[in-house]
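Heads up: the structure comes next, in structure tokens.
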Amino acid sequence: MKRIKELNTAFAEKFGPKTTQQFFAPGRINLIGEHTDYNGGHVFPASITYGTYGVAAKRNDSKVFLYSMNFATEGVIQVDLDNLDYDPKHGWANYVKGMIKKLQEQGYYFDNGFDLLVQGNIPNGAGLSSSASLELLVGVMLEDLYQLEVNRLDLVETGQKVENEYFGLHTGIMDQFAIGFGKEDEAILLDVNTMKHEMVPVVLGDYAIVIMNTNKRRELSDSKYNERRSECEEALRRLQAGGLEIDSLGQLTNAEFDENQDLIQDEILIKRARHAVYENQRTIDAKFELSAGNLKAFGKLLDESHASLRDDYEVTGLELDTLVSSAQAQEGVLGARMTGAGFGGCAIALVKESEITKFENNVYDDYLKIVGYTPEFYVAHIGDGAMKLKD
Ligand code: GAF
């Protein structure tokens, strides 16, 4: 593989000639089921062929040397296994440190350090989970270099702990799960209440999933994400205080929610909780429609999901709304919605393959006219989850 040869050469230039191992972890799109994971609902993501590559070799001392070709100006970042605390100066390398630290806390032992070179082709900050991709890349690398036996769910949960405990972002399990369990041409229906999942073939005939990047970085998203999560928790508390015996919003049907929503007694909280409950149902329906080959009905659910994220959950904004409404108006489009946390990042559209060029040109023009800068487009291919690459 050409890319791996180039990465090996780059590794040797930085760290000298060594016997190396190679790894890959994908990014993800979420077909539907947004902001449902931390509400005990269903999500329906898939890992994509864009991702993060890593080349690594063990060292004979306790040092860890880290180099990212995406942040080349930062040079080689040096850390030590004895001090893995979060350090803002270390930027992207904190994800690597966080994974080692969280695995150490679970009793895994690292006798020596390592050299790691990474390169990613997921657009950074685009909401396609470049950070979870790096976490899982480091996870599979550590498993291999140190002969650890970590079951996949534990590795996935370790990635989530890095977000939650190391970075203080109260994200759900979806991204790490999609990247840890992804399979070529399959999406994952995960019920976060039971943690049971089902692999679902994604058969789109002459349609494709086009990723549309707003090119808007998600500066605000971190605090807003935690705010949405707290709003849902408060809505749940009020429903419970009103007598509902539930542990999560994901346990409610739409009808049960409608009957009981007045218990929440706050218009904003009602909207947030309604999104969580209805989106969960849409996700179950979407899996059914996709499996039955009803792409039209599947696409309609994508449209409804976006409307709910815009109106009830309020996590879209001008950029995502412009992309999605322009996409929905194009010929050969069955549905479109934002994907990921929102507030910028990416949207996806289900587009007839023969219309993709025209689609991209038209959406590009609309976006430039309304937003003032340009979006980017990529056709999504669903690929395998995090893995060691063969030599
Ligand atoms: C981010 C989070 F990391 C996920 O856990 C999920 O909540 C998503 O936003 C919204 O659906 O990607």
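Quick reminder: no glycine exception, Cβ is built from N, Cα and C everywhere.
Unlike curated entries, TrEMBL annotations are predicted automatically.
The active site, proton acceptor feature in TrEMBL is assigned to Asp175. Taken from TrEMBL, the feature substrate binding site applies to Glu34, His35, Thr36, Asp37, Tyr225. The ATP binding site feature in TrEMBL is assigned to Ser68, Gly125, Ala126, Gly127, Leu128, Ser129, Ser130, Ser131. The Mg(2+) binding site annotation in TrEMBL covers Ser131, Glu163. Here TrEMBL flags 10-58 as domain 'Galactokinase N-terminal'. The domain 'GHMP kinase N-terminal' annotation in TrEMBL covers 94-183. Under the heading domain 'GHMP kinase C-terminal', TrEMBL lists 290-363. Residues or ranges marked as site 'Transition state stabilizer' by TrEMBL: Arg28.
Sequence features annotated in TrEMBL and their locations in the structure.
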residue: Arg28; record: site 'Transition state stabilizer'; DSSP (3 states): strand
residue: Glu34; record: substrate binding site; DSSP (3 states): coil
residue: Gly125; record: ATP binding site; DSSP (3 states): coil
residue: Ser131; record: ATP binding site; DSSP (3 states): helix
residue: Tyr225; record: substrate binding site; DSSP (3 states): helix
Looking only at Ser68, Gly125, Ala126, Gly127, Leu128, Ser129, Ser130, Ser131, which the record lists for ATP, tell me the maximum pairwise CA distance in angstrom. 19
Where Glu163 (Mg(2+) binding site) sits in the secondary structure, as DSSP reduces it to three classes: helix
Reduce the DSSP letter at Asp175 (active site, proton acceptor) to three states and note it down. helix
Count up the helix, strand and coil residues in the domain 'GHMP kinase C-terminal' (290-363) according to DSSP, in that order. 42 helix, 14 strand, 18 coil
Which residue, out of the binding-site residues Ser68, Ser129, shows the minimum number of other Cβ atoms inside 10 Å of its Cβ in this structure? Ser68
Please identify which of Glu34, Glu163 has the densest Cβ environment, defined as other Cβ atoms within 10 Å, among these binding-site residues. Glu34
Per-residue pLDDT averaged over the domain 'Galactokinase N-terminal' (10-58) comes to what? 98
Look at each of the binding-site residues, Gly125, Gly127, and point out the one with the fewest other Cβ atoms around it within 10 Å. Gly125
Quiz question: given the recorded positions Asp37, Asp175, which has the greatest number of C-beta atoms lying within 10 angstroms of its own C-beta? Asp175
Please check each of the binding-site residues Ser68, Gly125, Ala126, Gly127, Glu163 and report the ones with a CB atom less than 6 Å from an atom of ligand 1, ordered along the sequence. none
I'd like to confirm something. Which of the binding-site residues, His35, Ser68, Gly125, Leu128, Ser130, has a Cα closest to the Cα of Arg28 (site 'Transition state stabilizer')? Leu128
What is the separation, in Å, between the Cα atoms of Asp37 (substrate binding site) and Ser129 (ATP binding site)? 15
